[in-house]
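Visitor: Below you'll find the structure I mean.
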Amino acid sequence: MSVLTPYAGRLADGIAALGLDIPTATQARLIAFGELLLKWNKVYNLTAIRAPQEVITHHLLDSLAVLPYLSAVTRLADIGSGGGLPGIPLAIVRPELSVISVETVNKKASFQQQAKIELGLGNFQPLNARVENLKPEQPCDGVISRAFSSLKDFVELSGHLVGDGGALYAMKGVRPDDEVAALPAGWTVRATHPLAVPGLDAERHLLVIARG
């Protein structure tokens with residue numbers, strides 16, 4: 001039995017609590033990704049989270065909590081994605097979504113490439129690059145990150161990836177009013193969504209930032 005299999009029920013319950021309809025086979029792929037993350041983490045130090053139940057809550061369910069707010073997004077860039085979060089779970093659940101995952105640390109990008117191969121994620125492309133140097137062939141209608149400590153940095157480094165009508169999606173803890181006040185000119189918070197992540201006893205918010 002795999003390490004995460006005993007927690008498959010917790011994942012299923014969390015998905016139901018989020019109001020999401022994800023097939024059992026797709027949930028099994030999410031578990032398989034979590035297994036890979038735990039396995040590679042022993043050598044590569046991809047995440048500080050090592051407890052299987054926390055992989056379910058802090059990584060998988062936390063990533064899936066943003067799904068309802070990305071329904072209009074077709075091409076998504078995940079910036080500073082580390083072990084592929086939230087990009088890989090989103091790519092697993094939405095196979096029609098094109099996901100570009102940008103990570104500066106080579107070993108983390110290498111893990112993402114291995115996960116892409118093992119999980120057969122044709123819609124997921126990891127890039128070992130700095131986001132400010134990235135020049136995609138076509139703009140993204142969504143750019144997401146849960147890595148940036150500052151909204152200002154997120155906008156200044158990643159804003160050039162956003163196409164007309166697109167937006168930046170910042171996954172944060174407590175709503176960062178001071179960071180919102182420091183946003184660069186020409187950018188505004190279009191919406192703030194509180195995220196109730198099942199099993200996670202912490203405030204989470206998704207801020208949608210767009211030009212205007």
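Including glycine, each Cβ sits where the backbone N, Cα and C put it.
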Visitor: Swiss-Prot has Gly80, Leu85, Val131, Glu132 binding S-adenosyl-L-methionine. Which one of Arg94, Arg146 is in the same site?
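Guide: The candidate from Arg94, Arg146 that Swiss-Prot ties to S-adenosyl-L-methionine along with Gly80, Leu85, Val131, Glu132 is Arg146.
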Visitor: Provide the three-state secondary structure of Leu85 (S-adenosyl-L-methionine binding site) computed with DSSP.
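Guide: DSSP call for Leu85 (S-adenosyl-L-methionine binding site): coil, neither helix nor strand.
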Visitor: Could you tell me which three-state DSSP class Arg146 (S-adenosyl-L-methionine binding site) falls into?
Guide: coil
Visitor: Helix, strand or coil by DSSP: which one applies to Gly80 (S-adenosyl-L-methionine binding site)?
Guide: coil
Visitor: Give me the largest Cα to Cα distance among Gly80, Leu85, Val131, Glu132, Arg146, the residues the record lists as binding S-adenosyl-L-methionine, in Å as a whole number.
Guide: 19
